[in-house]
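All remarks here apply to the structure that follows.
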Amino acid sequence: MATVCVVGSGILGLAVASCLLEKTNVNIVIISDDFPHESSHDLKYSPFFTSPWAGAHFRPFPSVTEFDQRHVEYTRATYGHFKKLAAFEPQEETSIRFLEGTDLVERGHPNFEYYSELKQGYREEIEDFVVNDWEHGFSASYKTWVLNAPFFLSYLFKKLRSNPRVTLKQGKLNTLREAFTENAAKNDQSPDLGANGYNYVFNCTGLGLQMNGGWDPACYVIRGQTLLLKVPSGPHLQKTVTHQSKEGQWTFFIPRPLSNPESPTEDYVILGGTKQEKDFDSGSPRSQDSLDILTRADRLFPELKDAKTGHFQVIQPNVGFRPSRKGGVRVEREKVPDVENSFAYHCYGAGGMGYELSFGVAFAVVDLFLDDYNQ
């Protein structure tokens, strides 16, 4: 039985490993500098391990760019997979919840016409899609999903860790080549890769670790800052809303299931956010960013404020560096030129859409592997 290697344990790495378990009989080694924990409460905060701090919801989008259509296909596949998980797995384990999503796009927004004219990719395969009246522009609602990112990572991680076909190796690779051959240069943090390395390696490293080191030059970070809020009970806990201003600014809130330790039925809410491209300056929250988010929310979502104090109850701010890529997520097979019968399967650069794309890109990249493995 072959052994394959998955490099990276964010949402894409765990989704790929989960798909490999489901669709193949191979053994799997997962190499990562950071791993989730079996308990979501044990996660240590790091802006560079972005997956635990995501808002994690799905919103459809019209096909504006060439790579949007690929993303549409991946998001629909993920949507279908999450529907199955919600139907057959306990919510207290996956945290997945289906509810109403709403888009609000102001007139004058750069992509207003793509939404208002319902361009390709927006409403296809979306349940309960309805166009609403809204005096300031375009509005639509639809059935969507939300989840608690730390819970869901822990759910996947526990299933992988308990499977005898899966081995976890904590360490850091300087080059992707290290995973293929014992002769590659190692560093002090390199994990033990065995005698010969691996012939099949899935590159789920966010910014795209390259064969000879460094990152994919098409990749860049988007600094995202959000706020975790305690909010009053009400119908707002049964929906997620995304507002896009005419200036192109995004403001959203997303219920985070099972997040309130005081009440399993009253969720905290993720309020966001910032999209600061190529901003690697600070992994710490910025007070001005928090103030800007709260100022917009005060106008757009006053129902989230505490009724007694008239203020937002901020539990904590979160910062994550979303690994993005020009041209969209990379889902591609690469023959390693100087290592016999060896292939890299690239799966990285999802930006702020890691959860939305997760199982769609995972199934796609595993299919690429099966084309080689079954020959």
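Cβ atoms here come from the backbone N, Cα and C positions, even for glycine.
According to Swiss-Prot, the protein has these features:
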| type | residues | note |
| --- | --- | --- |
| BINDING | S9, L12, D34, S51, G55, R322, G354, Y355 | FAD binding site |
| CARBOHYD | N203 | N-linked glycosylation site |
| SIGNAL | 1-17 | signal peptide |
Within-chain partners of the signal peptide (1-17) [C-beta distance under 8 Å, separation at least 6 from its ends]: 25-32, 34-36, 49-51, 54, 149, 152-153, 156-157, 160, 166, 173, 176, 179, 193, 197-206, 209, 347-348, 350, 354-355, 357-359, 361-362, 365-366, 369, 373
For the residue listed as 'N-linked glycosylation site', nearby residues of its own chain (Cβ under 8 Å, 6 or more apart in sequence): V7, G8, L176, L209, A344, Y345, H346, C347, Y348
DSSP-derived class (H/G/I helix, E/B strand, else coil) of D34 (FAD binding site): coil
Tertiary neighbours of R322 (FAD binding site) (same chain, Cβ under 8 Å, six or more apart): T50, V221, I222, R223, G224, G351, G352, G354
DSSP-derived structure type at S9 (FAD binding site), helix or strand or else coil: coil
Maximum Cα-Cα separation (Å), residues S9, L12, D34, S51, G55, R322, G354, Y355 listed as binding FAD: 20
Intrachain C-beta neighbours of Y355 (FAD binding site), sequence separation six or more, cut-off 8 angstroms: I11, S51, A54, A56, H57, F58, T78, L147, A149, F152
